[in-house]
Amino acid sequence: MASNNYIQIMEKAPKYQTAYACEGKKLTIECEQGELINLIRANYGRFSITICNDHGNVEWSVNCMFPKSLTVLNSRCAHKNSCSVLAATSMFGDPCPGTHKYLEAHYQCVSAAQTSTTTNRPSPPPWVLNNGPPIFGNGSGLIHPTNIGGGSGGASAPPRLPTLPGVVGINGNGGMFNIPPPATHATPPGSTATLPGGRLKGVATSTTTTKHPAGRRDGLPPPPQLHHHHNHHTDETTPTKPSGKVPAASNATAPSNTRILTGVGGGGTDDGTLLTTKSSPNRTPGTAASGPSVSSNGSAVRTINNINLNAAGMAGADDETKLFCGPTHARNLFWNMTRVGDVNVQPCPGGAAGIAKWRCVLMKRMPDSSFDEDDEEMAGTSTTTPMSTSSDCLYNSSSCEPPVTMAHKVNQRLRNFEPTWHPLTPDLTQCRSLWLNNLEMRVNQRDSSLISIANDMSEVTSSKTLYGGDMLVTTKIIQTVSEKMLHDKETFPDQRQREAMIMELLHCVVKTGSNLLDESQLSSWLDLNPEDQMRVATSLLTGLEYNAFLLADTIIRERSVVQKVKNILLSVRVLETKTIQSSVVFPDSDQWPISSDRIELPRAALIENSEGGLVRIVFAAFDRLESILKPSYDHFDLKSSRSYVRNTAILTNDSDASAGDLQQRLRILNSKVISASLGKGRHIQLSQPITLTLKHLKTENVTNPTCVFWNYIDHAWSANGCSLESTNRTHSVCSCNHLTNFAILMDVVDEHQHSLFTMFDGNMRIFIYISIAICVVFIVIALLTLKLFNGVFVKSARTSIYINIYICLLAIELLFLLGIEQTETSIFCGFITVFLHCAILSGTSWFCYEAFHSYSTLTSDELLLEVDQTPKVNCYYLLSYGLSLSVVAISLVINPSTYTQNDYCVLMEANAVFYATFVAPVLIFFMAAIGYTFLSWIIMCRKSRTGLKTKEHTRLATVRFDIRCSFVFFLLLSAVWCSAYFYLRGAKMDEDVTGIYGYNFICFNTLLGLYIFVFHCIQNEKIRREYRKYVRQHAWLPKCLRCSKTSISSGIVAGGGTGLGGTNAGTLCSVSTAKKSKLPLGTNDDAHDEQQQQQHMSATEDAIMGASSDCELNEAQQRRTLKSGLITGTLQPSQSLGGHVVLERGNTLRSTGHASPTSSAGSTHLIFAHKPQQQQPPLGEAYYHQPDYYSWKQTAGGMKAQREYYNNAGAATSSPQQAHEVFYWTQKPNSQHGKKKRGGVGAIPASPSGSLHSRATAASQVLFYPSYKKTKPGQQAHPHYAEALDPPQPPNTAAYYQQQQQLRQQRQQQQQQLSSDEEQAEQHAHLLHLQHQQQQQQQRRAGGQQQLPAPPPHMAQYQQEFMQRQYRNKHSNCDLGDAYYNQGSVGGADGGPVYEEILSNRNSDAQHYEVGDFDVDEVYNNSVGTGVFNNMRAAVAAGGSRYGGSLSGGSVSSRNQQQQQHSLAQPISARRCTADEDDDEDEDDEETTAAEQLHDGVCDEEEEDEESDMEDDSHGLPPQSAERMRRLMALQDEDFKRRFQRQQRKHGAPVDYGTLPPGSAQAVIGGAHPEHNGAVFGVSGGVGEGSMRGALRQQHAKSPSARLAVNELFGHGNTGPPLPPANQTPAQKRQQLQKLSPQSTTSSSSHTSHSNPHSHPPHHQQRHLSAMLDENNTVRCYLEPLAK
């Protein structure tokens, strides 16, 4: 079976012969007996200058061809044993007149037996390789469909020659080469060809029977495998003897598998030996998979150019010999297609003797992302395809697959390789011109004239085209001339003649060297291989140096000779040592305008190398030599070499060395070459180094300059002895300790790599985009969170630091994303690098400051309260951005090219400036951050072991958590930046670990964004709460998101009775887009039903709404951040503390009376007072129509009159009770009384609750007025106060509804009259008077007292005028919309009213007056003002002593209650109008007479005029200051008391000047039954230095220890109605009045509650009230629902 595997046919190859005949002579062709002439090609003309040119004429054309030469010659010689043809124009014509022509014929002598069965078309010569038609003649490769299918393993090689010889015709194709016909017969015998060099090439063929497997018809070779070792088995090439017999088993159509190798440069031989390669035929599919011989016989490894192509076990695989380089033209020669691994050899172009060769190699194609699928298919089709051995597939396209279809089946790995001509130009090293050969012969003659030879050489090199061999000959002649002149100069006795002869010789030599360096001769240099180029360049430099020193040695006195030609400036200087005063500089500025290069030799170095008192120096400057003396791996032209080295892998016999070289950077010679010598051919070491200034030829896309010199021994550039002193974008300064030829080498940034992203693969690029996008999104969310939810945070230094860190990180991410897309030539590249440098320095500095801030917090009083430290933050800003900008500016001044000469637009160039201005500052900041973090951790450990207060422990835990998060943040950011840096550096050096760094950067950068969002946003409880509030308040969000049941984590007080909310309290959902102050109320009844009791917990949760009241202060008052806790309590004096529970943050419960362990400076603190709940009405059923609205349903027994609810008439079990709530903000007490604190001016008095900050120096207060919404089931919102004026009526009579209709009309008229807020405010005071009057009547009835007479009627006029002036400029920025007041009810007709109480800090409620910043002494420097203000101070002082500690520490102790009872018994000082009246005058008087009332009215009138004048002068003054607001609030409090007293006098009630109105601090103690009055609740907050509002540095000089006045609310009293909203416009009021339903129930203005048969003593309901002030000056109030 072995004989069936392959059949080898061996026969003698026909000889290939060439015959020539000069013009005018006969061409005779003869063959041996039995052989006939078989012409291959012929031409009458001239292709070579050496043939038939005895006189060396070089003017003849070498591209002379007669197209019909072969036809004419065939007519005379074809199929003849011999013939003779005259080479004359009469026979062939004259294709090129004036040129001496010759006739050239290529033929074979074949046997007569073969000619009877074959055609007359012969095969082309070996170097023509025209085996098939060029399908894609693109010059780089082509498909040659010669063989489809092949043996497994080695595969059958295509025949070098066609199987049948034929006549090559030139008709119609314009050339000498035709396509051979289909091969249908056996291969021809061997033939020999006579090459120009006289060598013969043996050609032989053999055929092999092949079978095509059914499963594969493409016959493509297997993918090649690159190996760097050669221990694989290769098929042997064995010589065989020619034989004319063809075995019977052979197939006539089977192709030959013998590979014919040419002798030059390939793997063949030159001795005519037949080389054959054995291979196995393909097996059938059945045997290919199962035969045991597949692994042995069917395995072969081919080695081409040291590339091992392993095709073991792959059926139907051919080897790489089916790949060909396409035909092309180069150096006036046509290079036909050549098989990979072969060398195409042909004679040199006309006018030159020798041979030219060019090799076809297989190169690896670098992946190009710009190729799409179609381009790759076409590229694969046009470059790599196997030869077909099937005659049917060769010329019958119907039986073969199309080429594109075959390309689809090409293995992907093989498609990465393509056949390429190597090197880029043909090798013409052996081509020499005839005239230079003549000069070489002349210079070697003994009596030749050296001057004449030098002149001829300069003329020839300037006018003639040279080839690679000519360069070698020319430089050799230059050296020979100098050597001969050295001996011949002695024959000239005259010194002047000697110098003249040598100078003329030097001029010719310099001119010749300039001609060789000229641009027109660049192709001649490229004809040489790299080694020969370097050798020729070295020979040229040494030849010039030898000739120059020949002249220098001849000169015996001081002289300077300059030889200047186009490309060379040569200066020979002979200097006397005594005349050398300074350094010698070359060249002069006017001598060499081509370049600004400069070389400076120090004087000491010259004197050391003097001889005989003379110093001989040779300077030379070259132009265009830099394009010749290129560094290794860059011996081609610059533009081509970039693409060549980057995009191909040269697979040659020295591929091992080349593989390592390709990993190196591409370097160019980036300066002109300049030379200085002190001795001929010697590298003289100098005691002092020379200085060179070299100008950069290329300033863009170059980096890393290196000073080098040309080493004559190694023929290469070397940096030994030279160093770079300084460099910039255009010049470099070098220092060398020896002399020779110098230049600058620089790295080239590949222009084909347009940006950094071109270095990424597809996945890497996508992942980087995603990672940066994620990080940017989360950073933006963090910044928006800090800005939108600004009030959640204390305006602290830490918050400012993190905002700046986020801004820097955002800038870094965006600049990096923009920079990796930019090219190095982009104008934005330098700017991006500069700003990125600044952003990184700023970011690292902020990290350092964050660590330092944590350290300073732990080592100072800031541990207790984190506040905004503006001076410190300003220092951080200055150090961070100022220092970063300064460093970048210094870097730009020192070396601007640092930002533009790097490979990528996101890195600086790695030089000294980079390490000094980037690496060093970043390391310093990072080390400082680590150091401060370590110190902070030590301090925390020490503090945790010491005894601290609860608040300090809380704050310490917060700081500990911040430091941990910051340290993790620091580590993560360091990992991101380090990964990015190493990835960029690795990508530049093409390291294998680059991908690891890239994916590390992607992962760490994504984690950085997630970490910012989670640990800096989500983990913050306050931000989570703000997120929920933000979702609920925006109507554009889905309702399912806005109306979700929510329980906040703020502090809530659960009373001792039932839950906070009633049953079925429901959920809360905001219906207004603006921030509103509202509190939905539920019910709070005693539950006897077990099911209702189980619902209390859920109702309580629903009643606690985190965003129920979030109105903000006006802009003028927005900076009043009060570090306050939340004080809650009942409306009764505290008597018991049992059963009270506080709902802490995090939904944890604890007992009251203790500080919250998790509270901090910005959290809530709960302090409350409590009285056991008295008799409660039965629990009723609660309904709600809208999410933020609670209605209720009356229990069985029918609807009661509304008058009962207003006046507390009827049974106490069914009447909801309301008391007066007074909210005041004041300072925290100082724990160390009498001790002066930092930031204060003196001792700080006590205040209601403990201080949160030891540096609180002054008080601040904000007045809160409650607004009420009264609704009734089944109707729209009612007016807010008119019902209190109506008498009670039976609810079941018809007259009741008639009276309601009349009252509705009265209300409309009354409401129209209230056209301004001034009238409305007056009505507030009027209603307050009714409540107080009713209380006094009840008290006096119980005590048997009589009513006092009413004041005169004229007092009302004064009151009305003053009130209108006082409230003229009141404004509001937090109006409640109509939708809030006009909500209906679903309670039905049997329901009762529901009061929803909303506590707000609306500016309209706070009554801000726009008056000037006046002095208190100036304002009250009269009898009226002084008395009022002094009386106010007395009231404040009394209030301060009364409340100073009553609600401290979160509980009310028995000691505080005793102090409070003691303060209740103190007399109240009365008001007087005189200026010199003391504050404590008449303190024993408890009532006033009518005369005193009248006198007080006159005082009020005068005071009104005084304040009116102040108001008129207030406009145009600066904004309100803290001191101004304090005075205004004091005036406001006094004004309200005066207004209340006017209402008393207007209605004839006795005026008690020492009694405050209901709702004020002193009104609580003024009644006869103080236990029935509501307890006073104070929401107190300490103001630290640096808070948002800012602490008052000092109190007023007149009252340094007096507490600020208590600002009363418009109290509704135990029997009063709800008050109208103070910020509603008249238009809104009218709209509400039009929507009134006829079911409203009111009563007359006369108070008749004492006559009601169902009236009961006033019942005081226990209602828990909690208010929380966050950092945004937003008060969140939670009021226990009213009882039903």
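Glycine is no exception: its Cβ is also placed from the backbone N, Cα and C atoms.
Database features, via Swiss-Prot:
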- 381-391: compositional bias 'Low complexity' (COMPBIAS)
- CYS707-CYS734: disulfide bond (DISULFID)
- CYS722-CYS736: disulfide bond (DISULFID)
- 766-786: transmembrane segment (TRANSMEM)
- 787-799: topological domain 'Cytoplasmic' (TOPO_DOM)
- 800-820: transmembrane segment (TRANSMEM)
- 827-847: transmembrane segment (TRANSMEM)
- 848-873: topological domain 'Cytoplasmic' (TOPO_DOM)
- 874-894: transmembrane segment (TRANSMEM)
- 919-939: transmembrane segment (TRANSMEM)
- 940-966: topological domain 'Cytoplasmic' (TOPO_DOM)
- 967-987: transmembrane segment (TRANSMEM)
- 995-1015: transmembrane segment (TRANSMEM)
- 1016-1684: topological domain 'Cytoplasmic' (TOPO_DOM)
- SER1156: phosphoserine (MOD_RES)
- SER1247: phosphoserine (MOD_RES)
- SER1254: phosphoserine (MOD_RES)
- 1298-1314: compositional bias 'Low complexity' (COMPBIAS)
- SER1315: phosphoserine (MOD_RES)
- SER1316: phosphoserine (MOD_RES)
- 1328-1348: compositional bias 'Low complexity' (COMPBIAS)
- 1631-1654: compositional bias 'Low complexity' (COMPBIAS)
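Features per Swiss-Prot, on structure.
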residue	record	DSSP class
CYS707	disulfide bond	strand
CYS722	disulfide bond	strand
CYS734	disulfide bond	strand
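The Cβ of CYS722 (disulfide bond) has 21 neighbouring Cβ atoms from other residues within 10 Å, across all protein chains displayed. Residue counts for the topological domain 'Cytoplasmic' (940-966) under DSSP (helix as H, G, I; strand as E, B; rest coil) come to 22 helix, 0 strand, 5 coil. Tertiary proximity for the transmembrane segment (919-939) is limited to same-chain residues at least six positions away from its ends with a CB under 8 Å from its CB atoms, namely 840-841, 844-845, 847-848, 850-852, 854-855, 858-859, 887, 959, 963, 966-967, 970, 974. The CA atom of CYS707 (disulfide bond) is located 6 Å away from the CA atom of CYS722 (disulfide bond). Minimal Cβ crowding within 10 Å, among the disulfide-bonded residues CYS734, CYS736, is found at CYS736. Cα-Cα distance from CYS722 (disulfide bond) to CYS734 (disulfide bond): 7 Å (rounded to the nearest whole number). Cβ neighbour count for CYS707 (disulfide bond) (all protein chains, 10 Å cutoff from its Cβ): 24. Residues belonging to the topological domain 'Cytoplasmic' (848-873) score a mean pLDDT of 74 in the model.
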